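First comes the structure, then the notes that go with it.
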Amino acid sequence: MMIQLRSEIKTDENLTALFRRQCEAAGLIHDETSPLALVQAAMGEHDWRLELRKLDEPKLGAVFVDFAGGVMAHRRKFGGGRGEAVAKAIGVKGEELPTVIDATAGLGRDAFVLASVGCRVRLVERHPVVRLLLQDGLRRAYDDSEIGESMRRNMQLLTVNHIAELDPARDFADAVYLDPMYPHKQKSALVKKEMRVFQHLVGTDSDADALLEPARKLARKRVVVKRPDYAGFLAQTPPHFSRETKNHRFDIYLPLI
């Protein structure tokens, strides 16, 4: 994939070399003309994070993954916990904490909610840039003194690029979660920023329908598909039941035995 690759680290050649190796392994090629840039941004003297920037729209700011601070820290401390819609849809109830495969992990937000209530979540992300952003966020979360231990236990990024590469006999989970990219109508600042950057990067998941069947083969209890309230069913397949929220719908499918 062609994208601008930038490092803002000026004092540690080992860190810039690490960034280059990560990009090469992900198949990223530097393109000076690309309006999108993956940036290794400095955080103090000895730390860094990866950011995705849309250079022709700098007011959008940078997109990055931060599980230990900001919005995600607030959500972990003051959010609904087990009462969050995604947790209910996955099947969190009482002492029941399903194991989960998040097959469209993205920036890992919903997976983090599930991990924060105690679910063990394995993540799959196929887009190389998004995967690097997620991997970087997990790296820093694993090192965090407050959440590091639970994050290492409950959130794991798998090496596969697609759930079809997983073996239902060995790699199954109680629940498989799907949240494919879909054109958004919402106008909130967060959605507007991230969707404008992300849709420029990956577009919509035009082959998202192909996720449903392998997900139903991997799931032992349910597949949960998050959809905007105005969207049709994934793969034009009616769910067995749905849970509705203000702006979204969780379509729930039973496994294929």
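Note that Cβ sites are derived from N, Cα and C of the backbone, with glycine treated the same way.
Source: prediction; values computed, not measured.
S-adenosyl-L-methionine is bound by ARG109, ASP110, GLU125, ARG126 in Swiss-Prot, and the record lists one more residue there from ASP31, ASP47, ASP179, which is ASP179. Every protein chain considered, the tally of other Cβ atoms within 10 Å of the Cβ of GLU125 (S-adenosyl-L-methionine binding site) stands at 25. Residue annotation for S-adenosyl-L-methionine gives ARG109, ASP110, GLU125, ARG126, ASP179. The furthest Cα pair among them is separated by 17 Å. Packing around ASP110 (S-adenosyl-L-methionine binding site) is summarised by its Cβ count: 24 other Cβ atoms lie within 10 angstroms of its Cβ, all protein chains included.
Here ARG109 (S-adenosyl-L-methionine binding site) comes close to MET72: these same-chain residues lie at least six apart in sequence, with C-beta atoms under 8 angstroms from its C-beta. Cβ neighbour count within 10 Å across all protein chains ranks ASP179 highest among the binding-site residues ARG126, ASP179.
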